[in-house]
Amino acid sequence: MRPENQSSVSEFLLLGLPIRPEQRGVFFLLFLGMYLTTVLGNLLIILLIRLDARLHTPMYFFLSHLALTDVSFSSVTVPKMLITMQTQDQSIPYAGCIAQMYFFIFFTDLDSFLITSMAYDRYVAICHPLHYTTIMREELCTLLVALSWILSCASSLSHTLLLTRLSFCAANAIPHFFCDLAALLKLSCSDIFLNELVVFTVGVVVITLPFLCILVSYGYIGATILRVPSTKGICKALSTCGSHLSVVSLYYGAIFGQYFFPSFSNSIDKDIIVALMYTVVTPMLNPFIYSLRNRDMKKALGKLCNRAAFFSQ
């Protein structure tokens, strides 16, 4: 397309969820409840870890960062989706759309790196229990979290900078409830070969490689358990890794489902449903997974409730 036929796009239109007008009120209340549950549940986890000295361990250090990431992750997309459903204003400024895309990619990648760090922590705890305190010292935990933030920032920044160099024509409707990178690339009038190359390359680094590291970690964990096939050892391993495995299954199951499962009606609906899974459902379920399946978290919650009841008297 010639430059004179291009038009400057100052805003995009988020078409939102494929729901009927008469269903908007019900879905608004549903997603508002899920978002509030996500925020309150994850903030409660952070508070419990902060207040209870028994939870000042590497595993809960990573969990507190994961909880903060989940709150931020949902807050990037869900509030705008709720506002759109309530006001029917589908517009989002160009700068706001780019910012939303940046933070969405950032917290998606950060989730992946933090889950991988937690898998390494579980590997050391089960395969090298006698050296756990020596290996998983505070400096290493801080370094792993810092690297997760730096790599996530570099990943999202690379996508954002490459996107800002593209031109957009008159078409500005995004068939999604947030500014998805793939949807934005489809709207561009420019050559997107470099963008797609970076999407593939960075995707391997921030999604596939961490997933392989998790598989390797649990491969060693499984081998260690099989060497001592006692019921007590298996139960201890399940109690140690069960919550983390559930989170891994939810996170990567949703992402890989986008590429390997057939579409329900069409590719757009499938992408929206999968995006809802890892932006709304998974962050909401994580607090329940770690609180209901974790004895230490239950004790910390009981202690907090008793303290609150004492001060309320």
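Note that Cβ sites are derived from N, Cα and C of the backbone, with glycine treated the same way.
Annotations in TrEMBL come from automatic prediction, not curation.
If you look up TrEMBL, you'll see 26-48 (among others) marked as transmembrane segment.
Residues annotated as domain 'G-protein coupled receptors family 1 profile' in TrEMBL: 41-290.
Here TrEMBL flags 60-78 (among others) as transmembrane segment.
TrEMBL lists 98-120 (among others) with the feature transmembrane segment.
The transmembrane segment annotation in TrEMBL covers 140-158 (among others).
Taken from TrEMBL, the feature transmembrane segment covers 197-221 (among others). Long-range neighbours of the transmembrane segment (197-221) within the same chain, counting only residues 6 or more positions beyond its ends whose Cβ lies under 8 Å from a Cβ of the stretch, are 109, 112-113, 115-116, 119-120, 122-123, 126-127, 151-152, 155, 158-159, 162, 181-182, 237, 241, 245, 248, 252, 255.
What TrEMBL records for 233-252 (among others) is transmembrane segment.
Summarising the annotation, TrEMBL assigns transmembrane segment to 272-292 (among others).
Here the listed stretches are 60-78, 98-120, 140-158, and the one with the most C-beta pairs under 8 angstroms to the transmembrane segment (272-292) is 60-78.
Regional average pLDDT for the domain 'G-protein coupled receptors family 1 profile' (41-290) in the model is 88. Of the candidate ranges 60-78, 98-120, 140-158, 60-78 contributes the most Cβ pairs within a distance under 8 Å of the transmembrane segment (26-48). Remote same-chain partners of the transmembrane segment (60-78), defined as residues 6 or more beyond its termini with a Cβ less than 8 Å from a stretch Cβ, comprise 31, 34-35, 38-39, 42-43, 45-46, 49-50, 100, 103-104, 107-108, 110-111, 114-115, 117-118, 121, 141, 144-145, 148, 177-178, 247, 279-280, 282-284, 286-287, 290, 296.
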